[in-house]
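Annotated in Swiss-Prot:
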- Cys9, Cys12, Cys15, Cys48: [4Fe-4S] cluster 1 binding site (BINDING)
- Cys19, Cys38, Cys41, Cys44: [4Fe-4S] cluster 2 binding site (BINDING)
- 2-28: domain '4Fe-4S ferredoxin-type 1' (DOMAIN)
- 29-56: domain '4Fe-4S ferredoxin-type 2' (DOMAIN)
Amino acid sequence: MAYKIADSCVSCGACASECPVNAISQGDSIFVIDADTCIDCGNCANVCPVGAPVQE
């Protein structure tokens, strides 16, 4: 089960730098996670200051 980034994302980029498989990239207004690449490690959720990454 992959993570997704909720609308509460503040685009700080903390999650992207912690992703070991580079599944997170900047979208139009918030960061997005490629579900096919995500390995469900939870690093993004652990570092996000607003709790935007959530499991799908």
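Including glycine, each Cβ sits where the backbone N, Cα and C put it.
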Problem set entry | Nearest of the binding-site residues (Cys38, Cys41, Cys44) to Cys15 ([4Fe-4S] cluster 1 binding site) - Cα to Cα | Cys44
Exercise. To test your reading of the [4Fe-4S] cluster 2 site: which residues beyond Cys19, Cys38, Cys41, Cys44, same chain only, put their Cβ within 8 Å of the Cβ centroid of those residues?
Worked result: Tyr3, Cys15, Glu18, Pro20, Val21, Ala23, Ile24, Ile33, Ile39, Asp40, Gly42, Asn43, Pro53
Seminar exercise, completed: CB neighbours within 10 A of Cys15 ([4Fe-4S] cluster 1 binding site), counting all protein chains shown, number 23
Exercise. What Cα-Cα separation, expressed in whole Å, is found between Cys48 ([4Fe-4S] cluster 1 binding site) and Cys19 ([4Fe-4S] cluster 2 binding site)?
Worked result: 12
Exercise. Counting Cβ atoms within 10 Å across all protein chains shown, which of the binding-site residues Cys9, Cys19, Cys41 comes out on top?
Worked result: Cys19
For this session: Taking the Cβ of Cys38 ([4Fe-4S] cluster 2 binding site) as the reference point, list residues of the same chain whose Cβ is under 8 angstroms away and which are at least six residues distant in sequence.
Result: Ala2, Tyr3, Val21, Ala23
Exercise. Which of the binding-site residues Cys19, Cys41, Cys44 has its Cα nearest to the Cα of Cys9 ([4Fe-4S] cluster 1 binding site)?
Worked result: Cys44
Seminar exercise, completed: Counting other C-beta atoms within 10 angstroms, the emptiest spot among the binding-site residues Cys12, Cys48 is Cys12
Seminar exercise, completed: Whole-Å Cα distance, Cys44 ([4Fe-4S] cluster 2 binding site) to Cys12 ([4Fe-4S] cluster 1 binding site), is 12
Exercise. Cα distance, Cys12 ([4Fe-4S] cluster 1 binding site) to Cys19 ([4Fe-4S] cluster 2 binding site), nearest Å?
Worked result: 14
For this session: Within 10 Å of the Cβ of Cys44 ([4Fe-4S] cluster 2 binding site), how many other Cβ atoms can you find? Include all protein chains, please.
Result: 23
Exercise. Taking the center of the Cβ atoms of Cys9, Cys12, Cys15, Cys48 at the recorded [4Fe-4S] cluster 1 site, which other residues in this chain have a Cβ no more than 8 Å from that point?
Worked result: Ile5, Val10, Ser11, Gly13, Ala14, Ala16, Phe31, Cys44, Val47, Pro49, Val50, Ala52, Pro53
For this session: Please classify the secondary structure at Cys48 ([4Fe-4S] cluster 1 binding site) using three-state DSSP.
Result: coil
